[in-house]
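Per Swiss-Prot, topological domain 'Extracellular' is recorded for 1-33, 145-153, 208-227, 280-284, and the stated evidence type is sequence analysis. For 34-54, 127-144, 154-176, 187-207, 228-248, 259-279, 285-305, the entry in Swiss-Prot reads transmembrane segment. Summarising the annotation, Swiss-Prot assigns topological domain 'Cytoplasmic' to 55-126, 177-186, 249-258, 306-691. The domain 'Protein kinase' annotation in Swiss-Prot covers 363-634, and the record cites sequence analysis as its basis. Residues annotated as ATP binding site in Swiss-Prot: Ile369, Gly370, Glu371, Gly372, Tyr373, Phe374, Gly375, Glu376, Val377, Lys390. Sequence annotations record features per position, and here Swiss-Prot assigns active site, proton acceptor to Asp493.
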Amino acid sequence: MDTSCVSINQCGFCTYLFNRSIPLAGEGDGAIMFNTMVDSMALGYIFSALYLLFRLQRSYTYLQKSSNNNNGNGNGNGSSNNDIISINSSNGLNRSGVKISQDTLWDKNFGISIDHPRIINSTYFKYTLFVSLWLAFEGLLLLFLPPNSLAYPAFVIIVGTGHIVTDNWVLVFLYGKEDDRFSARRSFYSCTLLYLIICCTTLASFFDDQTMCKKNDCQTFMFQDEYTSLAITVASLVVYTIVLGMTIKRSFLRPTGRIWLLFLMGYNCISSVGALLNILDVDAGYCFLGIAAIIYSFSYGPLLFRTCGNDTNLLRARGEFLPLLTNFQEYTSLFGRESISTSGEGATTALQLSAFYIRFNEFKFGQVIGEGYFGEVRKAVWKGAVVAVKILHRNSFRNTDGNKEENVFLKEVAILSILRHPNVLQFLGVCSETNLNGIVTEYMGGGSLDRLLTDRYFLIKQNPILAWNMAISIARGMFYLHDWKPNPILHRDLSTKNILLDESLTIAKVADFGLSKEQGFEMTSTVGHLCYQAPEVFIGELYTPKADVYSFGLLVWCIITGEQPNQNLQPLKMAHLAAYENYRPPMPQPMDPMWENLGKLIEMCWKKSPEERPSFSFILDFLEANVPISNTYVPPLKCISDNSVSNNFNNNNNTLNNGSTNNLGLLTLSFSTLNLQKQGGGAEEFHYIDG
């Protein structure tokens, strides 16, 4: 559009307003001018860049401060690597009287330096820093490059079309893969290729017109002809609309990702209307283009940060291991400075807990009681006690986020080793050799709840009070986990396969913490058994304690029906119906009178809205207040005879005295089923095969 009308005051209002240049200093061609639209855009980009840099710096400071607060003397001040930190005492000594240095606590054991945390190496941090620098360069270019030079349109096209990368690359961080470097790299390459194509075609189109800028005319920032601009904005609008529609039907983007899509859709919609009006030679076209460009530039930084996360979410590269770093102080205070050490490549051990470490040659192994992709579970005798040893092949822990494979193993060990409750599976020790990692737990003779419901459900039918005992035991264990401080520990895979029973079937314990996490801000991964997943988890929303409550409701339903929640449906179909059609498995008819209150509790637990579900504190109070008065329950015969245990060990040349397990009152349970996180975020079942 010809802008010469500005000088003779024959433009329409919008054209005049957004093409007008206000002289700030000087005269003639050397005067410093302020263009209403372009310079406002430049200031907007600079504002967005400064905002992002400020929030990044604030996040880094927050990380430094929180690290020093956790590891310093409680005063929040930073300390040098040689300073002595206080752990559960004021004199900097642990309970064993061993001084612990900050260097030992963080750098040596976890490879994380307080001065150079992993946040700096995370893809998300690099992306945000890249966008802020790009916006700053674009703003300074528009503000200070002389608009009457031939370099001005070329540089503006090159930098301006870079929004193809900055606008779309962010979407890779919004679909639940966290710091997935492969996905980020792939998306960056795709966006860069598209950027090069559009940038080259735009430059060719501009220079083919042989149009030279006169005075400040190039500062209108309209180097594309109206038809090209309309085509690009309409195409972008259609693509973003399709993607948004796909996220509504199948939520592969986090809810915050839709905010960014709506922002891009709004900008392209207004810009396309402006381009269309310019084609029709309507003055209002410049109003649409100018308003869209200015709002876009000023809101870009704040909205990008709001979409991707807040200060705490910037720690997402370390977020999965924050419980380990927090609880590491407790390990060291209990077992001394040298109790945990991480070895280099090729070393014989990846983790050593001095009080928990057990060598494989200390076991007398019996039969395999569970197996799967990640390894196997074997019954064993250790120091006269029957235990379960989960033997894990080290290469089964490789993951896609670039972290060391030992971290996944370390995570479960860390969670297990700090839990102490009668209704949570007891951790006894850890083994680590060149190619094998092992976790030692108490042996549970009753097997899994899943196997009981499959093979011996008649025991529950004959003794209805058993269902109450199991529900109360599980609720106590889950209340203990959810009441963990400072943040609740979410199980995320609560199912009948992960509830283990004693030989009398009167005590149930929560097991398998391979997928557990301390609650954070971005827990959106879809994990666990599909049949037990809460609707909000299936569609990709935040994982909260109420998701475990939903799983508990289905678990109790399984106890009183003896069936799996999906019944004849495929697990994926069951999860889809529960999420989108509010389907729940039917309650048994008629229901045992002793189970009527359990039925009411089930319906409370599996409500669609997480806010309407009770907490485990309420659940436990409800169960204990409504447990029916019944005749004394007579436990069934032991599931596994002592002689069979001894014979299994004899077959492995490990002779045991018959009846030796009679004296093992401390450890009489079996670790029968396991689910560990496999590559890509799925889970692999360990099927109970012990007779």
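Glycine residues also receive a Cβ, built from the backbone N, Cα and C atoms like all the rest.
In the three-state DSSP scheme, Ile369 (ATP binding site) is classed as strand. Across 34-54, 127-144, 285-305, the stretch most heavily in contact with the transmembrane segment (259-279), judged by Cβ pairs under 8 Å, is 285-305.
Counting every protein chain shown, the number of other Cβ atoms lying within 10 Å of the Cβ of Val377 (ATP binding site) is 27. Of the recorded residues, Ile369 (ATP binding site) and Asp493 (active site, proton acceptor) place their C-alpha atoms 21 Å from one another. Among the recorded stretches 127-144, 228-248, 285-305, the one sharing the largest number of Cβ pairs closer than 8 Å with the transmembrane segment (34-54) is 127-144. The residues of the topological domain 'Extracellular' (280-284), classed with DSSP into helix (H, G, I), strand (E, B) and coil, number 1 helix, 0 strand, 4 coil.
A strand conformation is recorded for Gly375 (ATP binding site) in the three-state DSSP classification. Ranking the recorded positions Ile369, Gly375, Asp493 by the number of CB atoms within 10 A of their own CB puts Ile369 at the top.
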